[in-house]
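**Student:** Have a look at this one.
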Amino acid sequence: MFRLHSLSALAELAVGSRCYHGGSQPTQMKRRLMMVAFLGASAVTASTGLLWKRALAESPPSVNNPKSELGDKGKNKDEGEVCNHEKKAADVCLEPHPEEKKKKRSGFRDRKVMEYENRIRAYSTPDKIFRYFATLKVINEPGESEVFMTPQDFVRSITPNEKQPEHLGLDQYTIKRFDGKKIAQEREKFADEGSIFYTLGECGLISFSDYIFLTTVLSTPQRNFEIAFKMFDLNGDGEVDMEEFEQASCPGNIIRSQTSMGMRHRDRPTTGNTLKSGLCSALTTYFFGADLKGKLTIKNFLEFQRKLQHDVLKLEFERHDPVDGKITERQFGGMLLAYSGVQSKKLTAMQKQLKKHFKEGKGLTFQEVENFFTFLKNINDVDTALSFYHMAGASLDKVTMQQVARTVAKVELSDHVCDVVFALFDCDGNGELSNKEFVSIMKQRLMRGLEKPKDMGFTRLMQAMWKCAQETAWDFALPKQ
């Protein structure tokens, strides 16, 4: 079709040109020939455009050519439905493994967006992190609005390489009007009844004050809370009331000011992200009872911390779309290395080791994953125990790791979990663990990167240089004896 139109148009142009330059035709004929030539060129352009549009419609989708239609405009509705059914059937037959689905999403644009979001997690203030990763703005009946995170948003805000959903970003939210009955019906959507997020109120949603409190709980070691409770337990009975607890763990307190989040936070009334004077009403009721006259023991608070860590780990596990309650070995390795800070080339090599060892892996259940992370909670004691083995000349093999887990953390590590860990950290392939690298990476994984300072180090570098210059000048000023 394109070839016929082109040949006819060129023939018309050739005839018109000869007649025009020959001078044998009158002026009216020349104009008529020019009009025919113009119409022929227009027909060629139109036919070329139609053919190009059809070629785009029939080509597979790509980054620059997203497929938005299933056929030409001339196709009727029934043909479109048949195509849809055939496409769905083909997708069912050729449905890839869940891990393969996740590989296809990381294009060039996605990688750059994830790098930008990782910088936000690493260097931005808590206010900006919250405003970027929160996805809901609830408007109440008087017209006042407040921004909230869902539990999934909270996990995404502390997990590297987890991309924010499209069209949601800094100060971009999904708007929800306050309707008590409707919100109550959607409660299960945000948090399960057994989840610690359910106790926060607001249907399991997380306000800015809750966000700071939860990150403080996650980033503070258990030993620090034990010391803080003893400091503010004035009568020494092992219990604190609400006033004493607010001094120890709420806005403006000692513990929060020692965390990287707390040191970076500044109240910003313009954005509405200011820390309130106390815990939310749901948490105070959870800790101190309905009348707020109860006592909180360190045992109960550490149980709250344990439940929070369990719920966050559960959300991380479910994010990998487990099949029959299991995730793949590579996904488990990704969970272990998420906060490692390992260079990309080495990270790729470690992932290839897993792929080589577990081509047809049997997967890991949540119970196996939770047991290993319970083992990691005692990583300092594990480090000491492994050092003793190393100094005694014993090899750090899988049996040794299982023995340390039983002795230190009181958990059983399955043989399959140990196989995955050794495939990651057995650098020379001799069946022995690289102790230092394993412990350093696992310490970062336990704290989820929340203990790192939220700056690029320039201020600390200048302070160190200034201190060095002062000491050097003082040494020059003093006479040598």
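Cβ coordinates come from backbone N, Cα and C, glycine included.
Keep in mind that this is a model prediction, so the values were computed, not measured.
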**Student:** For which of the residue intervals 159-163, 264-268, 324-328, 434-438 does Swiss-Prot record region 'K/R-ring'?
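**Tutor:** Of the candidate stretches, Swiss-Prot labels 264-268 as region 'K/R-ring'.
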**Student:** Give the distance between the Cα atoms of D237 (Ca(2+) 1 binding site) and S124 (phosphoserine), rounded to the nearest whole Å.
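**Tutor:** One finds 41 Å between the Cα atoms of these residues.
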**Student:** If you draw a 10 Å sphere around the Cβ of N430 (Ca(2+) 2 binding site), how many other Cβ atoms fall inside it, taking every protein chain shown into account?
**Tutor:** 9
**Student:** For the binding-site residues listed here (E239, E244, E437), which one has the lowest count of neighbouring CB atoms within 10 Å of its own CB?
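**Tutor:** So among E239, E244, E437, the binding-site residues given, the one with the fewest Cβ atoms within 10 Å is E437.
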**Student:** Mind looking up the mean pLDDT for the region 'Polybasic region' (101-112) in the predicted model?
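**Tutor:** When the pLDDT values over the region 'Polybasic region' (101-112) are averaged, the result is 70.
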**Student:** Does DSSP give E437 (Ca(2+) 2 binding site) helix, strand or coil?
**Tutor:** helix
**Student:** Where N235 (Ca(2+) 1 binding site) and S124 (phosphoserine) are concerned, what is their Cα separation in Å, rounded?
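**Tutor:** Between the alpha carbons of N235 (Ca(2+) 1 binding site) and S124 (phosphoserine) there are 41 Å.
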**Student:** Beyond D233, N235, D237, E239, E244, what residues of that chain have CB atoms within 8 A of the centre of the Ca(2+) 1 site's CB atoms?
**Tutor:** F232, L234, G236, G238, V240, D241, K295
